[in-house]
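A quick write-up on the structure given underneath.
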Amino acid sequence: MQNRNTFFGVKQQITRFISVSIGIYVITQTSISNAYPIFAQQGYENPREATGRIVCANCHLASKPVDIEVPQSVLPDTVFEAVVRIPYDTQVKQVLANGKKGGLNVGAVLILPEGFELAPPDRISPELKEKIGNISFQSYSPTKKNILVIGPVPGQKYREIVFPILSPDPATSKDVHFLKYPIYVGGNRGRGQIYPDGSKSNNTVYNATSAGVVSKIVRKEKKGYEIIITDPSDGREVVDIIPPGPELLVSEGESIKLDQLLTSNPNVGGFGQGDAEIVLQDPSRVQGLLFFLASVVLAQIFLVLKKKQFEKVQLFEMNF
């Protein structure tokens with residue numbers, strides 16, 4: 001009986017260990033693969049503030065360019081491309097969470113007009129699938145299918161991201177009209193400087209939290225530094241903790257001021273936002289325009305023929 005209980009206890013411990021290990025793995029992988037979109041999705045109902053600012057800029061403090069290209073106009077119920085370009089120098093390396101250097105990832109958020117959404121797979125042509133590559137898009141939330149997010153994905157391969165978009169049809173959706181609509185985009189390259197809870201990442205600059213003398217610098221194995229700042233007037237000590245990644249700019253015995261830079265700024269990435277306009281074109285207007293252009297061309301042809309006929313009559317009368 002005792003052996004049976006012992007075996008059962010060992011079995012329970014093994015099962016618990018496996019469950020915890022799987023849980024940690026899943027959480028870790030999820031946080032790595034979905035870091036950029038999740039930060040915005042968890043904290044903001046809408047990624048674009050009333051001021052027009054996209055919330056990704058709250059964590060990615062450096063400003064970098066981003067570009068978007070869409071057709072000037074589209075017909076209803078049509079699949080088209082929205083191309084987002086996130087340029088950066090692929091030779092540069094960023095500071096990773098463990099303090100080592102690595103390549104930059106990119107991420108993007110595309111804010112479409114109401115009614116526009118990600119094209120279903122069966123509507124995407126093979127040519128467009130080849131342009132998209134091996135990446136997947138997701139809606140910002142179940143109620144906001146017009147807002148698409150992606151990332152992080154390797155920047156070396158996806159500095160240009162092609163979104164397959166399906167235009168709405170006013171005939172089936174009463175809230176959609178044949179108008180000119182704005183499209184907004186935000187794109188980042190590299191890690192952010194601030195986490196959603198307000199704490200700093202190791203991909204930013206660190207400042208002194210007190211004035212005084214750097215009495216000691218303790219290097220923590222794989223954990224950065226502890227900088228001990230002593231106030232000469234009363235001997236009070238303040239410890240500033242620097243994570244692995246940023247390079248120190250101060251040394252022991254150096255006098256420093258409040259907010260003085262303790263490290264360099266390791267950030268090589270940044271965030272940018274842009275916009276474009278697209279017209280949802282009424283097919284009947286297009287047909288009317290084509291009919292008008294055809295009428296103009298025919299009128300010109302008849303005018304030329306009439307002119308030549310008149311010239312022939314004049315020439316005949318002169319000869320007669």
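Cβ atoms here come from the backbone N, Cα and C positions, even for glycine.
Feature annotation from Swiss-Prot assigns signal peptide to 1-35. According to Swiss-Prot, the feature heme binding site maps to Y36, C56, C59, H60, an assignment based on sequence analysis. Under the heading transmembrane segment, Swiss-Prot lists 286-306.
Sequence features, as recorded in Swiss-Prot, placed on the structure.
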residue: C56; record: heme binding site; CB count, 10 Å: 25
residue: C59; record: heme binding site; CB count, 10 Å: 20
residue: H60; record: heme binding site; CB count, 10 Å: 27
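C56 (heme binding site) falls within a helix when secondary structure is assigned with DSSP.
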